Amino acid sequence: MQLSPSEISGLIKQRIEKFDNSVELKSEGTIVSVADGIVTIYGLNDVAAGEMIKLPGDVYGLALNLNTDSVGAVVLGDYEHIKEGDKAYCTGRILEVPVGEALLGRVVDALGNPIDGKGEVATDLTSPIEKIAPGVIWRKSVDQALQTGIKSIDSMVPIGRGQRELIIGDRQIGKTAIAVDTIINQKGTGVKCIYVAIGQKASTIANIVRQLEEHGAMEHTIIVAATASDSAALQYIAPYAGCSMGEYFRDRGQDALIVYDDLTKQAWAYRQISLLLRRPPGREAYPGDVFYLHSRLLERAARVNEEYVEKFTNGEVKGKTGSLTALPIIETQAGDISAFVPTNVISITDGQIFLETDLFNSGLRPAINPGNSVSRVGGAAQTKIIKKLGGGIRLALAQYRELEAFSQFASDLDEATRAQLNRGQRVTELLKQKQFSTLSVALMALSLYAADNGYLDNLEVSEVIPFESALHALAETKYSDVIAEINETGKYDADIADKLKIIVEDCKANQAW
């Protein structure tokens, strides 16, 4: 079959029109080794630090070590199928996680994938896990209280919105219980909560989810879980992922609370990754940048001003400040708060709540040591009524602790010393509080008023808790208007003091306990 010249030229024209001369740039490397969740890749010359690397089987890696001839990356997921000689590709993207209101009430892993069996998370919004913290110009001083509902914390170690308050103590001493109670107490306040579980047993996380659901707190809470069975890489990035989810609310003029439980295990995971990447070890075998690991995370918790929120939302939200409050948890070994990671985090945060094993075993729960616990900025944010009535509590406890040791050796004590010991014993008893029994501002103020004005002094120590329960029950039924007024305003004046006096004296007269 012969083709005419016109047909030949027509075919050539068709071929020319279909010809695609676009160039596809693809940075490709070869995996030279894979072991313990670390891949070494040769040939990725234009990769950036912290960039996502596409590995075989729809798995990604995170570039951490950039050497002259190779890249060390940590695998975010299973790596059993990856072998030497496989290809790896640059993506030009950094790691992002889903954010937004749709995550509330859900349990997700460190990459934001749902693990609660409730289907996909209905959000298209994502945010990088690593972000620069807001600068000094965009910040606002902490002056709004974040109520935990725990008497000993709100009266002596107050927490403000935008603060970083460390919870530190040995294992099995009630650190998580304080954090969970604080999350439950935010119900109805508009504060969104993020609980980041790092290196915990899956059964423990399931138990916390159940507790939050029982108390109606899951509706305003996101749980980010990197369990003990997850890789060190996921335990390392989980706090940053949770922080990005919290920043979504902060940057839109809302208040959020994030709990990191616990950063000791994150430091262990990072130490493991660093040693596998052959980075030089330092004190306690941690890498040199373990301080920066926690400082860049905790500096993102802040209270931002109206201008920041307006600029971030392109003018959609005006006249509102946003905050992200952080409660990092650190586990100590045998009460050693002078170890490397505890001292690092103490120096980064705005105060610490120190829990003691001896106090816990003696029945004082929460086992807070008021001498070592401090809040550096929360005093300015404390509710006025709690600030006024709580000052006497700290003083009474300090005097009691000082005299307690002395009184063991002295046989006869003068009346004033005996009165201080008497008051201290009853205040110590009053500060005991069961888990899941958080108090409103008004009920807490009522308890503190009774202690501060000597209404507990003539009670037996065993009668203090029953008296408090009767006092609260009476106030909520007979004096509900006073309780509502205090909860709404939080102010303290002569009128409020008179009303509190009437309630306490009414309860003392009835002796209903």
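Glycine is treated like the rest: Cβ placed from N, Cα and C.
Quick look at what Swiss-Prot annotates:
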BINDING   Gly169, Asp170, Arg171, Gln172, Ile173, Gly174, Lys175, Thr176  ATP binding site
SITE      Ser373  site 'Required for activity'
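On the structure: features taken from Swiss-Prot.
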residue	record	DSSP (3 states)
Gly169	ATP binding site	strand
Gly174	ATP binding site	coil
Ser373	site 'Required for activity'	coil
Residues that sit under 8 angstroms from Thr176 (ATP binding site) by C-beta distance, when 6+ apart in the chain: Ile208, Asp261, Ile329
Neighbour count (Cβ, 10 Å) for Ser373 (site 'Required for activity'): 22
For the binding-site residues Gly169, Gly174, the one whose C-beta sees the most other C-beta atoms within 10 angstroms: Gly169
Rounded to the nearest Å - Cα separation of Ser373 (site 'Required for activity') and Gly169 (ATP binding site): 11
Additional residues around ATP, ordered along the sequence, whose Cβ is within 8 Å of the centroid of Gly169, Asp170, Arg171, Gln172, Ile173, Gly174, Lys175, Thr176: Glu331, Leu355, Phe360
Among Arg171, Lys175, which are binding-site residues, the residue with the most C-beta atoms within 10 angstroms of its C-beta: Lys175
Lowest local Cβ density among Asp170, Gln172, Ile173, which the record lists as binding-site residues, within 10 Å: Gln172
